[in-house]
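Q: Okay, so TrEMBL annotates it like this:
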type	residues	note
ACT_SITE	468	active site, nucleophile
ACT_SITE	538	active site, proton donor
DOMAIN	62-273	domain 'Glycosyl hydrolase family 36 N-terminal'
DOMAIN	634-716	domain 'Glycosyl hydrolase family 36 C-terminal'
SIGNAL	1-23	signal peptide
Ligand code: GLA
């Protein structure tokens, strides 16, 4: 074909495409879970609109059109008036995009019952090479929708993505209350709620790595006044992304709210070469008519079934040595710590930071990161010997890694000063005396992979890894990426990081893993799919932990929330134990510093955890019965899926007279026995064991058997 006939053929194709779009009938696309429905409309004009998100709607006469303000994934530059989901500069410089429906498919997941993937193809008639596929994976049993976009460039040249949200959910109400989860080191996961006003409210982070230290990528949007625990409509969202995120909540002139959720568009222009596809991270969202409680239960069930590693596998009781020793130990000291591990009921000894580095020994946080050879001075017989010594004493063995980082005082940095993320012409800035390795560099990727392989492959006795990450990006530059691609750094970093995490999970499926980031500076469902649990905070003072664990329980199930008994804050041991027992229980203390009676108390708690508590909390439905934000106490209840057993955790944080505790979620017709468990040695409960049917128990409740501040109780409710 000559040039003229090629352009004639292209024009015909373009017109045919255009005509087929505009003559298409309107069609509704329903994305449903057990109790919820997201209804979209491909209008007569071909644009995609959101008609409804909420409780499953009765089938009605399909609507034919909607307002432009209801667009499901609005694009910038051709008539849309508000904050768009997508902004693209096309190969020819045109900054407008106008997507129209092309087709859609819905397919059940062959491997997972109750999981349906709907994929909607959109294209811009003026740019036939540009495509967007909106993906919705609906989880029927858990009422979760996982939503992401795939953007494909088949234009003749590169295009630039300036805004590329994962989702742009529309909500309609008269008033919106937004809860965010914010915090800082040692004060993680605080809840803050506000009423939204017209305009845009942004929640975001720009920290790049350890990106969630000040703000978690989760939100709770209440449509019925301030969010309540068990009533009212809320939408919960969690972005599966460990890097910079942005949630932009815009209330428009018609009081409609759109939640734009995705990678933070700030400093994130992404250039897509011809033939490339960019997939956004997924937003997981749920709609609940049972307030925050219903939202949390949906997320917890989804996480256990689909979102985390081995959701049903019991988490071992850990004995960690960080608070006990910091980096100050040697082989004999560690072996002396193992000695008592079984005595207190630990399953696994987790060796924390400080085991590596020779020229620059890791004696504190100023040196050694990057030099992952075992420190010969501290551990002359190596890791295999150490793991064997733990195993010989009846406990498995795990280890701490921070593969992404380097101290300037290290052999690695001496050899490869150009491997770190920094900006040219600037003095290096440090966080915890360390720098971040640039994962966009292939040599760095190979190096970080070798840290995992060199630690785990020759040491099959290592069956647990704590993966840490202790600083933010403050100078976001790569000496590997070309000048025009610097804005790719923090996005590509995350993708390479996930490859590394996936490598560890897939190559070492028997090695369990805890996600850590100076506490929880990086906790999200993008990373958690490769981990079993996470470290919520270096703050293990149980009083503070009540709040921190409360905050994380909004989105994460109990078996992911590592909770260790320590001496921090010098609170009563019973209180510290009871707070840790509601999470993934562990210990971090040189146990020889406890009296024999205290050790016996911890041992009894470990046994109770293994036999009575973990089976219910790890798989149970959570009801938060009393919030420490409303009164100086917290009450949590876990109910087993068959409603045959429940546990109520009560933490007094002040001396106030409280109303009766009324459990929820029980079977009204079943008769239950109620008794206090985990009593302090020699103590008798103020709650006399009794029996009642579920209906009575839920109506009348029972008085907490506590009087003073920092007293706690665990009440077991079992069907007869
Ligand atoms: C971070 C973690 C701690 C511990 C130290 C080790 O602070 O949150 O739990 O592992 O690093 O340096």
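Placed from the backbone N, Cα and C atoms, the Cβ positions cover glycine too.
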Q: Give me the Cα-Cα distance between residue 538 (active site, proton donor) and residue 468 (active site, nucleophile), rounded to a whole Å.
A: 12
Q: Between 468, 538, which of the active-site residues has the fewest other CB atoms within 10 angstroms in the structure shown?
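A: Each of the active-site residues 468, 538 was scored; lowest Cβ tally within 10 Å is 538.
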Q: Name the secondary structure element type, per DSSP in three states, that contains residue 468 (active site, nucleophile).
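A: Once the DSSP labels are grouped into three classes, residue 468 (active site, nucleophile) ends up as coil.
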Q: For the residue listed as 'active site, proton donor', what is the secondary structure by DSSP, using just helix, strand and coil?
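A: The residue in question, the residue listed as 'active site, proton donor', is coil (DSSP, three-state).
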